[in-house]
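Since the structure comes first, as structure tokens, the remarks are kept for the end.
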Amino acid sequence: MFSKKEEPPLAVKDRFRIILAVHWRGILCVLVPILAIVILLPFPPESYQWTAYCLIIMAIFWVSECIPLPVTSFLPIIIFPLTGVASTTDVCKAYVNDSIFMFLGSLILAYSVEQSGLHKRLAYCSIRAIGYSHVKLLTAMCIVTTFVSMWITNTAATTMMVPINFAVLKVFEEQKLLQIYVTNSVGEQVASDITTCYFCTATFSATIGGIGTLVGTATNLVFKGLFITQFPDAPELLSFPKFSAFGIPYMIILDFFMLLYMCVVYIGVLRPKSETAKKSKISPEGIKAAAKTVNADYARLGRITFWEYMVILLFGGAMVAFFCRSPQLFPGWGDLIKDYFDLKDEKFVRDSALAALVAFMMFLFPSNLSFFKNCKAKFYEDLPTTRVPSVLNWKKLITELPYSFTFLLGGGFALSDAARKTGLNQKIGEFLQELKILPNIIILLILIIFVVLITNIASNVAVCNVLAPISMQLAKEIGQNPLWYVIASGFSSSYCFMFPVGTPGNLVVQSAAKIPTPKMIKAGLGPTISTIIITWLAVYFYAPIIWPELHYMPEWANK
């Protein structure tokens, strides 16, 4: 018999490395709460120390994702009542409020576009209208994805473009004009440069499009909710019209420079003699083949359906109504309700009421007109056997709706409220007073750079939850309007371009197109730099045009 060769024993260093690689999340979950006890010294701790303890644990758990993000958000419900910071009732109110229902309502409205297929029709129409060269296709994709992402989630807008990108690239590959995949040094099939360009442009456009409207991405509603929580006496400064008046022009400029970078680096625009430009040139035969494929896919969609008409009517009507609630340019329907009932609260009716109303109507109204055909039935067999489906399918919706994000938002609101009431914000502000010696324009640049870098390695919503309240307190301590700083940190927390972990859209394209992280870093480096510069200039020079009160310290900020 042959004796089995004994394996050499593992060295302590190797054993520790393997255990750490496998169990680092569990180790972090145990060590962080223990090490954070330092914050509670000297005993007995004050309420603000317990709030800081909770903040540190949540921030590390959110950044590392050692446990699911929504589960981390339960910590305020556990810690605050047990330590006397706030009652269970008061903490739980943060998890069900106006901003939460606005977030859920916007998601429900967005899913109506997906379920009806209207977003695909819009994408194909735009591609057919703009053209089939690489520059034209990328421009069409950028415009469509950005526009769609203004109204539905960034992840959904990105996912929408995945099959369309593959269809177009497949045609070009069949014409031997490009390769979708190439083999790397270890023999794996990974995305080629042109594939990386198409798919990264899609997710970057969705990220940028999310800042155009208040409902475009969760971080918008997060920083608005945090602002309302911290300054309940403030007027409604982040209304839908004002938000879009700032966000849309700013979004268009960001898109232009992002697209320019992608075209210069991957298509050879402005470099006509480069190898990249020569490789990316498409022959007339390739253009015809691409047009044939897109036209065939569009033809499969058929004529626009009654379902899509209903979505256009309800969704489009909701967007118009959001703008007209209290536009401050003329009396809106919200103002009329307030005046009719002689109410003193300027914020008595908010956007969440409208979002809930339109969502309710989407479950009430039919998605087709078969009911009227049933009324004309002459035989028993012609009578209906199933109900007429509504514009939104509830059973399908609840399987896809990321409702767990409401816990993430609620956890941030609860933390922000406790930090304000216990005095933690003042303590943080005292620490940040050292920045007072710097000019305001420099402080804003530092804040934007810091938030953009952090949000590349952590969840956008989690970063916004942690840094937006700190930025508002910093503004108070140095004598600046907190709205100015929450706009800077709130918008900046959306911009994850270089790493896949910061936003689900990046993960979608990385997994779908097999994009290596180094290639995504290269693609996202240019948009990251241009976004930091444009955000800095837009926040400092353009934001005060939309919000003239940014240049002085308002009375509500000192309460």
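Note that Cβ sites are derived from N, Cα and C of the backbone, with glycine treated the same way.
It should be emphasised that the depicted structure is a prediction, and the values quoted were computed from it without experimental measurement.
Looking up the ranges 54-73, 94-113 in TrEMBL, the one annotated as transmembrane segment turns out to be 94-113. Stretch with the largest number of CB pairs closer than 8 A to the transmembrane segment (483-502), among 248-269, 306-323, 353-372, 441-463, 523-543: 441-463.
Between the transmembrane segment (523-543) and the transmembrane segment (353-372), fewer than three CB pairs separated by 6 or more residues in sequence fall under 8 Å, so the two stretches do not touch. Long-range contacts of the transmembrane segment (94-113) within its own chain (CB-CB distance under 8 A, at least 6 residues past either end) are made by residues 76-77, 119, 148, 151-153, 156, 214-215, 218, 221-222, 224-225, 228-229, 311, 314-315, 318, 350-352, 354-356, 358-359, 362, 391-392, 397, 400-403, 405-407, 409-411, 413-414, 417.
If you look at the transmembrane segment (306-323), the same-chain residues 6 or more away from its ends with a CB under 8 A from one of its CBs are 109, 112-113, 116-118, 121, 151, 213-215, 240-241, 244, 333, 351, 354-355, 358, 361-362, 365-369, 391.
Cβ atoms under 8 Å from those of the transmembrane segment (134-152) belong to residues 109-111, 113-114, 119, 122-123, 126-127, 158, 160-161, 164-165, 168, 194, 197-198, 201-202, 205-210, 212-213, 215-217, 251, 255, 258-259, 262-263, 267, 269, 280, 282, 290, 315, 319 of the same chain, restricted to positions at least 6 beyond its ends.
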